[in-house]
Amino acid sequence: MASQNMTNPSINPDIEDELFQKEVEAVKTWWSDSRWRQTKRPFTAEQIVSKRGYLPIDYASNTQAKKLWKILEHRFENRDASYTYGCLEPTMVTQMAKYLDTVYVSGWQSSSTASASDEPGPDLADYPYTTVPNKVGHLFMAQLFHDRKQRQERLSVPKEQRANLLNIDYLRPIVADADTGHGGLTAVMKLTKLFIEKGAAGIHIEDQAPGTKKCGHMAGKVLVPIQEHINRLVAIRAQADIMGSDLLAIARTDAEAATLLSTNIDPRDHAFILGSTNSTLKPLNDLMIAAEATGKSGAELQRIEDEWLAKANLSSFDDAVAAAIDAGSFSDKAGIKQEYTSRAKGKSNFEARAVARQLLGRDIFFDWDAPRTREGYFRLKGGCDCAVNRAIAYAPYCDAIWMESKLPDFAQAEQFAQGVHAVWPEKKLAYNLSPSFNWKTAMPRDEQETYIRRLAKLGYCWQFITLAGLHTTALISDQFAKAYSTVGMRAYGELVQEPEMDQKVDVVKHQKWSGATYVDELQKMVTGGISSTAAMGAGVTEDQFK
């Protein structure tokens with residue numbers, strides 16, 4: 001008979017219920033911590049525990065998540081920032097650890113350099129969904145290894161000498177790109193599970209539609225309704241709770257530059273949906289279907305669409321109401337606009353139409369179906385206001401919020417921060433210091449130097465250059481390959497080895513950096529202290545660098 005224990009419990013329902021209630025109380029105690037003071041969970045501790053198995057597993061992700069939260073709490077409270085960049089591989093993560101307190105793993109970089117299918121491509125999230133978790137695991141295993149290696153090295157030195165040795169924190173928390181979640185809610189949960197198992201401290205997820213996902217700095221972005229993205233955030237938190245992890249969830253919105261919306265089902269989106277205000281036009285898709293039936297294609301179809309859009313006078317309903325008031329003979333136009341705005345704010349389009357009808361005495365023509373795309377998407381009035389509207393809705397379900405933007409626009413970043421903090425004053429913000437921006441034309445160098453600090457004062461406590469790993473690798477690779485092709489080994493000496501030695505970069509002794517000494521010590525431990533095949537024994541060429 002199997003033993004009666006936690007991993008193979010008694011079939012006695014009383015014992016089963018007792019174990020269940022103890023675990024439920026433990027979860028409730030966990031959730032009462034100040035860490036969760038801003039977090040809304042639309043599920044119960046009982047529901048979470050009932051989804052767990054009997055074998056408790058302590059994930060390293062939880063330790064790293066607690067560490068990340070502590071970093072961001074401190075930075076936010078002091079209006080400071082943790083800033084980092086996208087890491088490509090283990091060499092890079094060990095060098096970043098010396099100077100930066102977090103690490104970023106980019107979906108864009110993974111798509112181009114580390115797809116699980118080995119097929120590179122642009123940032124469309126069309127790679128296997130194991131891709132970014134695998135890169136997290138790759139880097140986290142390297143972090144663990146170099147942490148072990150350093151500890152062994154330090155403990156091999158007399159105590160009185162250790163104070164002069166570097167003691168690098170290699171275990172910098174990793175934040176990774178979850179794209180749109182790669183599918184429905186169960187896909188989001190499985191992806192979250194993978195990230196936790198691989199060692200991620202936090203993940204971010206964006207409010208684009210999965211089938212049309214684009215890099216944040218590409219055109220053609222389609223947003224999902226607000227509630228659909230909230231459901232994704234809830235799915236992340238639920239999966240992390242099931243696994244007992246404090247994993248941070250960062251909500252990204254692409255609303256600033258998005259032009260399309262998958263559906264108008266959520267009334268919180270209604271104020272930003274564009275409609276035709278020209279009652280004489282047929283619906284756009286009817287025209288496009290008729291044109292295709294006559295053999296038109298390509299540029300001809302684009303011309304038909306462009307001409308229709310020019311005539312449609314696309315507008316949000318609120319702007320259409322304002323235009324109708326301006327065109328009318330009302331004595332107090334400003335007062336009517338103000339009353340409409342105060343009464344219609346946050347209302348559905350149906351309710352806003354009723355307010356407008358009451359104030360203007362008539363219905364306003366506004367058709368948001370007429371301009372829909374051939375895929376069925378609604379036209380959207382994106383921008384900072386749209387992003388703030390979404391961020392406020394996401395705030396109770398995430399740990400930080402990021403608005404993707406077209407430019408490094410400080411005034412816009414300030415507007416977004418003020419909009420969010422007017423409702424959620426403690427909400428942490430994240431910012432993409434993107435290499436897609438032309439920093440030279442965006443601002444002078446002295447402003448570039450202070451940009452991170454200025455953003456931090458607004459509450460952007462975590463900032464990152466998504467693709468700096470890619471670009472720095474490309475730059476040195478181009479420089480070295482070009483020089484090597486003309487001056488041979490002089491290029492390696494001048495561009496690589498001598499600067500490594502001058503700047504005391506540990507990788508100059510690449511055998512030691514790779515852990516050869518550590519592995520020798522493992523081997524000696526097993527063989528009683530003697531090994532004739534030690535990698536770092538007499539004859540190792542690295543002695544030239546003493």
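Cβ atoms here come from the backbone N, Cα and C positions, even for glycine.
Within 10 Å of the C-beta of S436 (substrate binding site) we count 15 further C-beta atoms, all protein chains included. In the three-state DSSP reading, S436 (substrate binding site) counts as coil. Per Swiss-Prot, the feature substrate binding site maps to S106, G107, W108, G216, H217, R252, N432, L433, S434, P435, S436, T466.
The feature Mg(2+) binding site is assigned by Swiss-Prot to D177. Classification of D177 (Mg(2+) binding site) by DSSP places it within a strand.
Feature annotation from Swiss-Prot assigns active site, proton acceptor to C215; the stated evidence is similarity to another entry.
In the three-state DSSP reading, W108 (substrate binding site) counts as helix.
A Cα-Cα distance of 17 Å separates D177 (Mg(2+) binding site) from S436 (substrate binding site). Of all Cβ atoms in the shown protein chains, 21 besides its own fall within 10 Å of the Cβ of S434 (substrate binding site). A sphere of 10 angstroms centred on the C-beta of D177 (Mg(2+) binding site) encloses 27 other C-beta atoms. Taking all protein chains in view, 26 other C-beta atoms sit within 10 angstroms of the C-beta of S106 (substrate binding site).
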